[in-house]
Amino acid sequence: MGSPFLNHRLRSELGDLALLHLRRDQTIPTILKLEDDENQGYKEGKVTNTRFGSFPHSTLIDQPWGSQIVASVVDTGSRGRKNQSSKKRKADDLDTPTSNKDEAQSSPGTPRAAASGFLHLLYPTPELWTASLPHRTQVVYTPDYSYILHRLCVRPGSTIIEAGAGSGSFTHASVRAVFNGYPSEAPAAKKRRLGKVCSFEFHAQRAQRIREEIHDHGLDALVEVTHRDVYEDGFLLGDPKTGKSPKANAIFLDLPAPWLALKHLVRRPPSGAESPLDPSSPVYICTFSPCIEQVQRTITTLREYSWLSISMVEVNHHRIDVKRERTGLDCEGVRGATVFPKSVDEAVAKMRAVEEHSRRFRESLLQESDDEGTASDKPAATKSGKTEVEEKSLQDISQHSDTTAAPSSTPSYDLGRLVHRTEPDLKTHTSYLVFAILPREWTEEDEQRCRQAWPAQKTGGSPDAGKPKGKKQLKREAKEKEVQEEAQKSEDVPARPQETQS
């Protein structure tokens, strides 16, 4: 089947890499399994716990990708018995067969749906993997690597060198861009160039970790991870001195000092070793630097090694949130609304209403005290804990609020002012991208071969000399010939002498 990043099935299966999408900025990667390898002791088998509930993997298997999965109620009481298998067994239990017990433990229980909580089951893509991968180093996010791959002219069948694999975000994106088939051991009828990613990493543990991820994701045949110091040893595959050239068309350097590695990215290395670049095509390069001083040194070195079309770009990616904003005293209880006077007139009307209600409340208290004859007696409280005067005043306030709010035929989703704001949390970082192009090397042999394939035309000859003439052109030439003949005849006729008058 190949890698799930390149071609996936319609439904999830046992052993697949799945991404559990909880919300826009939270995704959990997991391998779908029935049995719990970590022995957490759940009766339902392998369970993934999130802030939105528990999800046994038995509910995630054989589901269409993109499905909404409801959380389940798991048997947490069985977790206390998870270490029973490691304890010593009694002598009476040694003679009893354990196959039935093992089968009972290996078969997960049937989960029950919980009252709330859900997630979405998604198949892996480079964009989702970037949002959910474990961060080992600085991550190249989707807005950056999409623009980088576009400027590097990466296409199916290209070979790209990546120096500084890090967390593997750019690796997964680039392998999808260059993929045009898997290499096969059988000789093909028509040989074609397959896309490949040659990734180099200086840190040994990170190189081993990215190598394991590439193997788990089924990308071994398309990505070759090498642990090497590219500053000193270059970019050849295998042995640094006598290795094989990757014949790269594109280069991405995510290094602290990319200018130190440019001495190996030339057409003819001074050491006499084979060049890692493709001799039959121009090579595109991009360096990823967080400081402007690094950019200056990189550009200076690129000019020394004959790189052309040098430019620097800074990618600033912002998501714009568009929504309706409701403000006013009549928006109390509306989700996301601002209960505040939207104008001076509304604020003044509210103050006058409050003053009027206070005046009515005081007058009612005085009137009630005069009727009873004792102003110090407290009015009787009702079931709600308030006096009759307070309840009457509250009713007047609610009635006044209802009358001030003018009825509207506009639906609730269309009320308010349409506004847009930039997202508060930007998942990006400051980075400067330097792009350059190294043209193809052109020799005298190449010039002679092209001259033989496309010979130059003779000097003074017409480019349409060998083409047949059309009817219009023949008529035009015949007419021009007649005009020339008439002009020549008029020149040959001598002038007649003038007759004298007698």
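Cβ coordinates are placed from backbone N, Cα and C, and glycine is handled just like the others.
Owing to the predicted nature of the structure, the values given are computational and were not obtained by experimental measurement.
Binding site for S-adenosyl-L-methionine per Swiss-Prot: Ser167, Gly168, Ser169, Glu201, Arg206, Asp229, Val230, plus Asp254 from the candidate set Asp239, Asp254, Asp278. Take the CB of Asp229 (S-adenosyl-L-methionine binding site) and look out to 10 A: across all protein chains shown you find 13 other CB atoms. When the compositional bias 'Basic and acidic residues' (475-494) is classified with DSSP, helix, strand and coil residues number 18 helix, 0 strand, 2 coil.
Maximum intra-site Cα distance, S-adenosyl-L-methionine binding residues Ser167, Gly168, Ser169, Glu201, Arg206, Asp229, Val230, Asp254: 20 Å. For Ser169 (S-adenosyl-L-methionine binding site), the number of other Cβ atoms no farther than 10 Å from its own Cβ, over all displayed protein chains, is 25. Residues near Asp254 (S-adenosyl-L-methionine binding site) in space but far in sequence (CB under 8 A, at least 6 apart, same chain), listed by position: Val140, Glu162, Ala163, Gly164, Gly166, Phe170, Thr287, Phe288. For the recorded site, Gly168 (S-adenosyl-L-methionine binding site), the DSSP three-state label reads coil. When secondary structure is read from DSSP and collapsed to three states, Asp254 (S-adenosyl-L-methionine binding site) falls in the coil class.
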